[in-house]
Amino acid sequence: SGRPVGLSSSGWCGLRKFFKMSWIESPGTFEGLDLTTLKVDEAFLKFTLDGVYHLYQLVDECHRCPFTYVRELNGSEVLTVSTKYGTSWRLYTDHVGQFVQDGDKHAFTCEFRPKNFGEFGVYSLDHIDGKCEVLTAHPPVNIYLPLLLIVAVLLTVSVIVSIVSFFRIKWKDEGSNVENLDKKKSNRLTAIDAFRGICIVLMIFVNDGGGQYNFFNHAEWNGLTVADLLFPWFMWIMGVCIPIAVRSQLRRNVSRVRILGSILKRSCTLFLLGLTINTVGVGGELTRIRIFGVLQRFAVVYFVVAVLVTLLMISLYRPQKATMKGPLNDVSNLSVIWILMFALLAAHCYLTFYFPVPGCPVGYLGPGGIHYNGIYKNCTGGVAGYIDKLLLTESHIYQHPTASEIYMTGAFDPEGPYGCLLSVFQVFLGVQAGAIILSFAGWRCRIKRWLLWGTLFGILGTVLCQARQEGGWIPINKNLWSLSFVAVTSSLAFFMTSFLHLIIDVKRLWSGAPFIYPGMNAILLYVGHEIAHNLFPFHWSYGKMNTHLILTLENMWGSFLWTVIAYMLYKRKIFISL
């Protein structure tokens with residue numbers, strides 16, 4: 001029969017059904033319910049009630065929130081519910097308001113939470129004689145198996161290509177040694193281009209939707225996802241390149257005045273380009289145009305850090321040999337800037353935890369909205385939100401922050417002016433990594449120092465957030481660009497650079513392809529994918545597009561096309577930088 005030994009007929013049929021449903025997310029029909037009408041991350045919830053009740057819900061991601069009113073139910077009804085987050089529901093005999101605090105039991109009947117809650121599942125709740133019983137009538141699909149299949153295929157292809165590339169490079173460069181390679185590429189590391197390329201390719205994938213997987217979307221407020229890593233990593237890499245680029249110009253006898261002029265020009269260009277991108281799809285209505293954004297933060301932070309490096313990094317003007325002395329030479333060369341960075345951190349901490357914000361508790365770091373049962377509704381982001389609104393006015397900041405979906409918050413800009421303060425520090429940590437490249441020629445010296453910095457900031461970030469998502473001293477929060485967020489993401493950047501440098505530049509186990517190509521034209525790809533959003537052939541749709549599988553493939557297609565474009569530009573030696 002082809003059935004595995006020891007597996008019953010019913011078990012084998014169930015296993016085949018499970019894998020069929022899981023891999024392709026094919027919903028079909030169940031007891032008269034057309035599951036194909038469900039969107040991604042949706043399920044049916046069937047009610048069988050003995051009267052009129054009022055339904056309230058609370059999602060797991062909404063920390064310290066009340067239950068929110070959904071609708072009135074009468075008799076037998078079927079609701080379409082979101083499975084994006086774990087959810088608890090309550091039934092009340094009366095409508096007790098739009099929000100109900102967790103401990104409020106007035107008119108309370110029961111609270112329930114479906115087990116095995118997931119996409120395309122069907123769940124039934126029976127409420128008879130004062131008792132609630134919830135059952136899984138139809139199991140959900142496993143949304144992660146399609147992703148596992150895609151990753152397995154990509155890894156297999158990558159391994160094959162890497163093996164072929166490894167032997168090709170070995171045959172081509174037979175007789176060369178690692179030390180010569182280090183000396184030849186002491187300032188230009190392929191690993192940096194590869195790291196930047198990984199960031200921009202994943203950034204395009206995430207911005208296109210990330211297959212609608214939660215970990216490819218930004219955290220609602222506190223927490224850290226894959227999507228949250230990319231922007232800070234990109235900025236950190238920019239910091240790595242700043243001292244290398246500035247010293248290169250100084251060694252070509254370019255005056256500091258000209259360097260400062262080029263820094264100003266590049267910053268203004270980036271800011272204006274970001275401002276232009278903010279109008280794509282929404283127009284340029286001056287009364288409500290969003291002033292800050294991703295490229296605008298790059299512009300501001302690049303200007304500050306590049307000016308500091310040009311004027312205050314001690315040994316930039318010296319010959320390279322002079323920077324090879326002393327185990328702490330990389331730190332001493334940046335000593336003046338380090339002092340300024342500590343002052344910046346002190347100022348930021350004072351403003352964040354001691355600056356009074358009207359109508360809000362001092363040091364509040366929450367999302368506002370219905371957080372804490374709505375008593376701090378207009379306090380989103382605490383002092384960060386207050387200062388941004390003070391500088392830009394509410395109509396010129398981001399109107400739909402990630403927290404708005406579950407916390408019901410108002411406008412808040414995750415790339416606003418206040419967040420630039422710690423972004424400066426994050427980019428400076430990249431400068432520290434770049435100073436290590438300039439100060440030490442040997443790959444072992446570089447990697448040891450990168451790993452040390454990564455460990456130190458990893459410990460710092462863990463201590464600040466107390467190794468938890470909620471309730472720590474300084475939670476990891478991308479929206480606020482918190483100090484713990486800077487520490488943890490910078491720590492991971494140091495580790496990633498060490499790993500990539502080892503396997504690409506030192507051991508030559510991987511050429512860095514295909515990520516080195518988008519890494520050399522990262523700004524072009526970022527701007528291009530923002531402008532081409534929803535344009536064919538970068539984006540397409542087929543049918544209902546209601547599974548993670550089809551959405552992941554579509555989002556990967558856009559990233560793939562931009563990678564191909566980057567490769568074509570590389571072959572033609574076209575590199576566009578601002």
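The backbone N, Cα and C atoms fix where each Cβ goes, glycine too.
Listed features, source TrEMBL:
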DOMAIN    188-317  domain 'Heparan-alpha-glucosaminide N-acetyltransferase catalytic'
TRANSMEM  143-167  transmembrane segment
TRANSMEM  188-206  transmembrane segment
TRANSMEM  226-246  transmembrane segment
TRANSMEM  267-286  transmembrane segment
TRANSMEM  298-317  transmembrane segment
TRANSMEM  337-357  transmembrane segment
TRANSMEM  421-443  transmembrane segment
TRANSMEM  450-469  transmembrane segment
TRANSMEM  481-502  transmembrane segment
TRANSMEM  509-529  transmembrane segment
TRANSMEM  549-570  transmembrane segment
Next item on the list: Could you pull the average pLDDT for the domain 'Heparan-alpha-glucosaminide N-acetyltransferase catalytic' (188-317)?
Entry: 93
Item checked: For the transmembrane segment (481-502): best-contacting stretch of 188-206, 298-317, 337-357, 421-443, 450-469, by Cβ pairs under 8 Å -> 450-469
Next item on the list: Among 188-206, 226-246, 337-357, 549-570, point out the range having the most Cβ pairs under 8 angstroms from the transmembrane segment (298-317).
Entry: 226-246
Note to self: Pairs 6 or more apart in sequence, C-beta under 8 angstroms, 3 or more of them: is that satisfied by the transmembrane segment (188-206) and the transmembrane segment (337-357)?
What the structure shows: no
Next item on the list: Counting only CB pairs under 8 A, let me know which of 226-246, 337-357, 450-469 has the most with the transmembrane segment (421-443).
Entry: 226-246
Margin query: Are there residues at least six beyond either end of the transmembrane segment (450-469) with Cβ under 8 Å to its Cβ atoms? List them, or say none.
Written below: 222-223, 429, 432-433, 436, 475-476, 482-488, 490-495, 497-498, 501
